Amino acid sequence: MRIGVIGGGAWGTALAQVAARGGQPVTLWAREPEVIESVNGLHENRQFLAGVRLSESIRATGDLADLADHDALLVVAPAQHVRAVLGAAPIGSTPLVLCAKGIEAGSRLLVGEVARQAAPDAPIAVLSGPTFAHEVAAGKPTAVTLACEDEDLRARLAERLAGPAFRTYGSADVIGAEIGGAVKNVLAIACGVVEGAGLGLNARAALIARGFAEMTRFGLARGGLAETLTGLSGLGDLVLTCSSTNSRNFSLGVGLGQGRSAAELLADRKTVAEGAFTAPVLRDAAAEAGVEMPVTAAVNTLLEGAPVQRVVEALLSRPLREEQA
Ligand SMILES: NC(=O)c1ccc[n+]([C@@H]2O[C@H](COP(=O)([O-])OP(=O)(O)OC[C@H]3O[C@@H](n4cnc5c(N)ncnc54)[C@H](O)[C@@H]3O)[C@@H](O)[C@H]2O)c1
Ligand SMILES: O=P(O)(O)OC[C@H](O)CO
């Protein structure tokens, strides 16, 4: 299977490295000329994945037309840009593996739903899970959910992408796999706030558990399966992203918890913290679906500039409830 990758950020580059295992040729489309130059000339993506020596079989390009005649394309542009990039790429009926985590503003569609509109003839798969790009690129052990309704395509993609340290677990639940990745980014901001404001480890554990409860409510309402939400792309990724300043979303939350404004924290950022874009869309989508998501609501209030102490007090003073409700 000849693989192309759309997006030369940290994750697209790490996945190109995965796909290039054993010297297999991979085409990596990147937006930034300096990324293309760095990958082709130095075999390193100095802008987004510095310090990782890349396979010489990865060829970077700035021309989307170079992605024609591939057997599968990994889509790794940030969620808000997937529609535009797919609209400009030669997709046709080439299978798309969606690797971005988010919900599109305006349409409130998951990335897979956006792809179905932008490339209606392309079969869709989703690759998601607890995956810090640097660790994957360094060959550290990692496991992901690979979701695709077509069992045969799922098996072919798994065979092509899995390796000794990169395990794929198959699933037919595309929606469930996408919801975990999108929602955990918002919850990771909340956990970062707890860290930044010094609220303690009890509070962080409570947020992970109650955050997972709201991820599950939303996921089930959107047609995802409980088994997927408790799997790698849901709970697995939530635990990873809520535990480390290696996460851009968690780090954004740390800054908010320290009293800095979202505008200041997001200004001039080259790397993407998807949760900041997903949070307002998720709040609106949850309201539309009649799903209660108090942690998501609190993250939105903080992003809009409310003081941390007031938001925490509001969360803690809500009426007591049954845990399973
Ligand atoms: N970095 C990770 O560890 C990781 C792991 C799993 C999933 N993801 C997901 O992968 C997606 C891409 O994240 P990343 O970490 O590779 O990015 P990044 O933060 O490393 O880099 C930013 C990327 O955004 C792109 N970009 C900026 N403006 C754009 C535009 N107008 N149109 C198209 N692209 C534009 C840049 O070209 C660059 O590729 C996100 O949805 C992220 O949640 C990231
Ligand atoms: O750095 P983050 O917060 O975008 O998280 C990266 C990955 O999604 C972790 O699985």
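Every residue gets a Cβ built from N, Cα and C, even glycine.
In TrEMBL, the NADPH site is described by Trp11, Arg31, Ala133, Arg248, Val272, Glu274, and among Lys101, Lys140 the residue recorded at this site is Lys101. Gly7, Gly12, Lys101 are the binding-site residues among Gly7, Gly12, Lys101, Gly129, Ser247 whose C-beta comes within less than 6 Å of an atom of ligand 1, given in sequence order.
Checked against ligand 2, the binding-site residues Gly7, Gly9, Trp11, Val272 give no residue with a Cβ under 6 Å from it. In sequence order, Val5, Ile6, Leu28, Ala30, Leu74, Val76, Ala77, Cys99 are the residues near Gly12 (NAD(+) binding site), counting only same-chain partners six or more apart with C-beta under 8 A.
Note: Glu274 (NADPH binding site) has non-local neighbours Pro78, Ala79, Ala100, Lys101, Gly102, Ala182, Asn185, Asn249, i.e. same-chain residues 6+ apart with C-beta under 8 A of its own C-beta.
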